[in-house]
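Undergrad: Before I ask anything, let me first share the structure, which is written out below as structure tokens.
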């Protein structure tokens, strides 16, 4: 018999659950994601850029490799494929299409595929591609047809079908209207079967004209948050990687709920995690002989008879007042359930009421789900606009999932932001801030420390202003996790040693010293005593005299009044020792009851200042 509260799930475990899990209802999409890279293999793709920059083909292969490795780490069950078109050689199922080379069919990524893509990178990779595939005529319609056959041969359920075209030619058929019409027709057929076609166009001399041909090929954005067709081509590798990552990573809702604004007024919303903590994946236990994953099975036996217990025979109990109260599973479920999952609007509060210390856990993002309830986007937009205009936040009661305790949340409005190219940077919606309960806030007793003088504070302000920089979380990678995956990559790809990694969180000492200059030494002179070295060992205790057994007497140290006043004006009284300060107090007739340095400094400052 087990404690019933051991089965009660902690709400903080919500972040650890797999994305896409919802609190109730049917799943919107189930299955695996699939991605096909359709790469142009024409001669124009192999032309190197200016100043030794990589060719468009080499940039594409680097992006394909990064997606392969990220899929292996994050979602190894997804399917990926690599297809070249415009080749001289042909390799595809049943060799039905000319000038189409299927380098990788739709399957799970692995170390062998990463090695195959590595072989196509750089100058040697271009030579291998020319020798293996070559460059020939182009028929994008046949290439799209071949990709459609790759999808039709898969018997698994696919939740997402995405096709990315990499090319630097805006007129792949050279103005051939028949081939253009065939490509548009086959692209339309693919879209009807649920395949999303994206264009990753690259730089070419004279610019890339999207409107001439590819505007009819690519798929329109699924919703307002989807990144639409970009007019400007990718010039650098970082731009191409960023654009592919924005398309390849699918937005999955942590939960889909109803936001109740009043009696009978419900808005369907989805909860999204804007940032998730990166963690190492849990180790997988493998069977030693077959190297297959081990599946664990748990069975419960009676402690006295040893008989196997069925789930219906297992009870839960709670000790209360030295008595064991036995409860059925249905009773425990009823105790844990407060209400159905959802959000209930309580009221509105000014933004000034929301304090910084109210943020006790990572916030999530709220966005309307038009497919669930028609009109949700319109009503959600109206609520967002009014909250932004009046500078208020919505106070709600939130139950994210079944059997979760209720929480009070603040819906903080967030307006849409776009860049110069009209690309969305910040989506419109509400940031969900989880508010603390009364027992979440504690009163702390800060330790009593010496108070810095105004001169010391001003000097530290100069140091802080010199070291200030604009922090971006995406500019720093976790060195432990990065090194972990580099070691795994080296083992999987039979590399002699893992790739070198730069620890971005280590301080740049030379750059810091160059910015500060003499400010550090000036601050040390103001704060620490003369010749103070924080790295040195503390001085040994004075030994007793050999004759009388008593300690040696220290000579009296007297200091002129002018020198003391100079120390006081410069704020360097703290550099004097306690013995000197005591003698100065006796010299000027200052009565002190304490023996701490700061008390002596305050007494002398008051005496000399008067």
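Glycine is treated like the rest: Cβ placed from N, Cα and C.
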Undergrad: Of 1-28, 29-56, which span is tagged region 'Disordered' by TrEMBL?
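TA: Spelled out, TrEMBL records region 'Disordered' over residues 1-28, not the other listed ranges.
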Undergrad: Checking feature assignment: region 'Disordered' per TrEMBL, candidates 515-536, 537-558, 559-580. Which range matches?
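TA: Region 'Disordered', as annotated by TrEMBL, spans 537-558.
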Undergrad: Give the mean pLDDT for the domain 'VWFA' (34-244) on the 0 to 100 scale.
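TA: For the domain 'VWFA' (34-244), the model's average pLDDT rounds to 85.
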